[in-house]
C-alpha cells in the first residue's frame, strides 16, 4: 500500500510549462543553469535549488513580467482603496501616500491567492486601525499558480522576494537615504513566507519577518538559502498551523527565532478533522486549506486583541496541555501576532504553544488553571461540573474533572475561554457519579481557585457544606 503524502502529491501533479533562456549559453531550463532578470539578478536551478532529495525536479522562475508582481499601498489616508506603487516608476511612490516618517509592513500571499480584495487587504485595514504605517500588499497572483504547477510557483516566489527587496532598495536610494531596513516588517503566508525570506537575504537588516505557516513541500529540510530562516531578519516569527503528516502543507521544524504552534500546529479547532471519503480530493483540499489558512486568520485577530494570543514557552504540546509550562514565566509570555517582539539576545529557535477559539468571529483565547478542594465523607468516582460567572461574560457549565474524588484532596484542570476573566463574581459546582449512588453520598467544594496563565494571579472562592448529585452549589469570593 502506497502512503499518500503532500510531497508525492505535489510531485505527481506539478509540471513545468515554461521555458526561459539561460544566462549560460542559451540553454533552456530543462538543461539546467540560471536565468538573469535585470535589475534583480540571476536565479539558478542547480543544487540546492533543485536536483536534491528535497527538490528533485528543477524549474527556473518565470520572468518578472509573467509573474506580474504589483505593490498595493494602503495607509490611514486610503485604508480601503489601494494605490499602486512601483520600483520601476519612482514617481508612483513620490505621488502616493507613502511616507518615510512611518514604518512599512509588506504582506505577501501564497499559492493561488491574491492581495487585492482578500485577507491581505483586510489585514492592512485592520493594522491601519491601530497603527499609522505604510501597508503594502504584494500581489503576484499571475505567478502564484496552483497545485498543478506548485514547483513552478515555488521558484517564482524567489523573484517575488527579489522584487520586494528591490522596492525597498529604491525607496532608500531614491526617496529617503535614511530610511533603513529597521523600519521594515514583512509578513508572508505559505510560499509568501519564503518570498519574505528571499527579500531578507537580499536586503539585510530587516527588523521583522513573520512566516504564516511557511510552505513545506520543496522547503522542509532544505539549506537556509532556499527557505525562510532566522538569519533573514533581526527577528523571525513563524506560526505553524498545518504540520500534520502526511498531508500537512506547512513546514514542521522550527526555522525562526519564535516558532509558535497554535493548538499543537496540526489540527485547528473549527477545521474538518477527517476526510469524508477515501480518494475524495476536494475533501483533502478543504482540510489542507482550512488548517493552512488559519495562520492568517489568527494573525489578523491578534491585531485587535493581542492579549488573547499569549504564546507559552514549552518543549511539546503535550507538556503544554498537561500544564508543565503554566503560568507564564516571570519575564512574561511573548505575544503571537502583530505585536510580537523579539526576546533580548535570542539567537536560536524557541518553541511556543497556545490554544485558540474555533469560531472565526472569536479566535482569541485566555488560559486558566482550575483547582477544586473537596469536602465530603466518602470517596466517589464521578464527574465535576463547573460554571464561572464574571462581569466580562459567562463560562457555561462544562465537565471540568473526571476522577475518583477523595474529600480533602485538591483536583486541577486547565481551560481556555474566549475572553479575559478580570472580575469573577461567583462559581457554581455540581457533581455526578459514574454509577448509581446507592448510599446517597454527598460531595462539596470547599474552595475553588482560578489562576491566570498570563500573570499567575489566583482568585479564590469558598462555600460551606456538601450537596447531592446534580445539585448546584455556589461559591463566592472570600
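Just so it is clear, glycine is given a Cβ too, placed from its N, Cα and C backbone atoms.
The domain 'Lipase' annotation in TrEMBL covers 34-359.
For 190, the entry in TrEMBL reads active site, nucleophile. Residue 190 (active site, nucleophile) falls outside any helix or strand according to DSSP and counts as coil.
The secondary structure of residue 213 (active site, charge relay system), as reduced to three states from DSSP, is coil rather than helix or strand. The Cβ neighbour count for residue 213 (active site, charge relay system), using a 10 Å radius and every protein chain shown, is 30. Here TrEMBL flags 213 (among others) as active site, charge relay system.
Neighbour list (residue 232 (Ca(2+) binding site), Cβ cut-off 8 Å, at least 6 residues apart, same chain): 196, 197, 199, 200, 201, 206, 209. Annotation source TrEMBL lists Ca(2+) binding site at 227, 229, 232.
Residues or ranges marked as active site, charge relay system in TrEMBL: 292 (among others). A sphere of 10 angstroms centred on the C-beta of residue 292 (active site, charge relay system) encloses 24 other C-beta atoms. When secondary structure is read from DSSP and collapsed to three states, residue 292 (active site, charge relay system) falls in the helix class.
The domain 'PLAT' annotation in TrEMBL covers 368-469.
Of the chain residues outside the Ca(2+) site list 227, 229, 232, 194, 197, 200, 201, 224, 225, 226, 228, 230, 231, 236, 255 have their Cβ within 8 Å of the site's Cβ mean position. Using DSSP to sort the residues of the domain 'PLAT' (368-469) gives these counts of helix, strand and coil: 0 helix, 67 strand, 35 coil. When the recorded positions 190, 229 are scored by other C-beta atoms within 10 Å, 190 scores highest.
Only 190, 213, of the recorded positions 190, 213, 227, 229, have a C-alpha within 10 angstroms of the C-alpha of residue 292 (active site, charge relay system). Here residue 229 (Ca(2+) binding site) is positioned 13 angstrom away from residue 213 (active site, charge relay system), judged by their C-alpha atoms. Per-residue pLDDT, averaged across the domain 'PLAT' (368-469), gives 94. Within the same chain, residues at least six positions away from residue 227 (Ca(2+) binding site) with a Cβ under 8 Å of its Cβ are 194, 197, 214, 219, 251, 255.
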